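S.K.: One structure follows; several queries about it will come next.
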Amino acid sequence: MNPLATLEQGLADIDAQGLRRCRRVADTACGAHMTVDGRAIIGFASNDYLGLAAHPRLVEAFAEGARRYGSGSGGSHLLGGHSRAHATLEDQLAAFSGGFSDAPRALYFSTGYMANLAALTALAGRGATIFSDALNHASLIDGARLSRANVQIYPHGDADALDARLRACDAPTKLIVSDTVFSMDGDVAPLARLVALAETHGAWLVVDDAHGFGVLGPQGRGALAAHGLRSPNLVYVGTLGKAAGVAGAFVVAHETVIEWLVQRARSYIFTTAAPPSVACAVSASLAVIASDEGDARRAHLGALIKRTRAILRATHWQPVDSHTAVQPLVIGSNEATLAAMAALDAQGLWVPAIRPPTVPAGTSRLRISLSAAHSFDDLARLEAALVTPIGAAA
């Protein structure tokens, strides 16, 4: 078959299963109220949990960073691209999120995907065993695959099953890998148990706090701080394009671990550093996150989460047991989920349909993503509209 025809057939198969993904075009800044594809909508799609993506303080820091450093870094971090802005940000991130370690150090990455690949491929390799939660993010799954380690998938959130697998493993290097807040269900991993298991079995514990950083814990310091957890075995990955409202990611761990990543993590070494202006904006974001304003935004987000759960129960949906900003509505089939999304979209509400392979087959869902930028009036609009997709999805 012609190579192009093979792809065309593959796309036709995707269409037949109701799995084609489509991009929508935003004409305005990320926020609760946006213009998307030329229409005014209320967005429940972004991960801008604190509503900082268009914050004037961050925008000005970004602009000032560009005026000072220019538009690009010019090279990789190890070949001329590591600016004072990057170095300052890493020090700030280590101080902000490294309370679990006696000697924390941070390493900044352009994306969360690259950060997870770096941590897993540098710490594991042939002869190692990675124990990965069944619902981990794709970047953790790919990092485990690329590491060439043996990979064992343990049932979602099941610390007892993980313990049994660790006891049966005699690999010299073991890594437990888990999201903290799971991005499609909104539930939280049993972090205290995972830390205890890592220490008992002499394993690294790599946690991806993409959806907890900035939101959970005192001053938004993340899921580990929320639980008061400390361990030299911890490797913490945080994302800066969600609650922080900018872009990039970071790894915080003991300084020896970070130096190892600098020397061995290919997704850090062999790529151009992010523009310094991005680091400047993230530094400004950290200041807001840790401030009284950050506390107020987290409190408002918490109230929105509570109200949303009440709305879902009142409108006869069966909400997943999530007390985070991710509120999924599991529908089941791809077609019914797409119909539900379209019904909401017709009423000016953007609530994306999440389908396989992002979630397991038969669990397609609407994913309501809440932000401190939302108002209770926005939730009232959502409440009034939720009756329509029930009929469409039935």
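The backbone N, Cα and C atoms fix where each Cβ goes, glycine too.
Annotations per Swiss-Prot:
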BINDING   Arg21, His137, Thr358  substrate binding site
BINDING   Gly112, Tyr113, Ser183, His211, Thr239  pyridoxal 5'-phosphate binding site
MOD_RES   Lys242  N6-(pyridoxal phosphate)lysine
S.K.: Within 10 Å of the Cβ of Thr358 (substrate binding site), how many other Cβ atoms are there?
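M.R.: A 10 Å sphere around the Cβ of Thr358 (substrate binding site) contains 17 other Cβ atoms.
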S.K.: Which residues of the same chain, at least 6 positions away in sequence, have a Cβ lying under 8 Å from the Cβ of His137 (substrate binding site)?
M.R.: Asn116, Asp179, Ser183, Asp208, Ala210
S.K.: If you measure Arg21 (substrate binding site) to His211 (pyridoxal 5'-phosphate binding site) at Cα, how many Å is it?
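M.R.: On Cα coordinates alone, these residues lie 22 Å apart.
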S.K.: Would you kindly give the Cα-Cα distance separating Thr358 (substrate binding site) and Thr239 (pyridoxal 5'-phosphate binding site), rounded to the nearest Å?
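M.R.: About 19 Å separates the two Cα atoms.
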S.K.: What's the CA-CA gap between Thr358 (substrate binding site) and Gly112 (pyridoxal 5'-phosphate binding site) in angstrom, rounded?
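M.R.: Distance between the two Cα atoms comes out at 16 Å.
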S.K.: Suppose we draw a 10 Å sphere around the Cβ of Arg21 (substrate binding site). How many other Cβ atoms does it contain, all chains included?
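M.R.: So the number of other Cβ atoms within 10 Å of Arg21 (substrate binding site) is 9.
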S.K.: At a 10 A cut-off on CB-CB distances, which of the binding-site residues Ser183, Thr239 has the highest count?
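M.R.: Sorting the candidates by Cβ neighbours within 10 Å, the top entry is Thr239.
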S.K.: According to DSSP, does the residue listed as 'N6-(pyridoxal phosphate)lysine' fall in a helix, a strand, or coil?
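M.R.: Looking at the DSSP assignment, the residue listed as 'N6-(pyridoxal phosphate)lysine' belongs to neither helix nor strand, so coil.
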S.K.: Just how many other Cβ atoms lie inside 10 Å of the Cβ on His211 (pyridoxal 5'-phosphate binding site)?
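M.R.: There are 27 of them.
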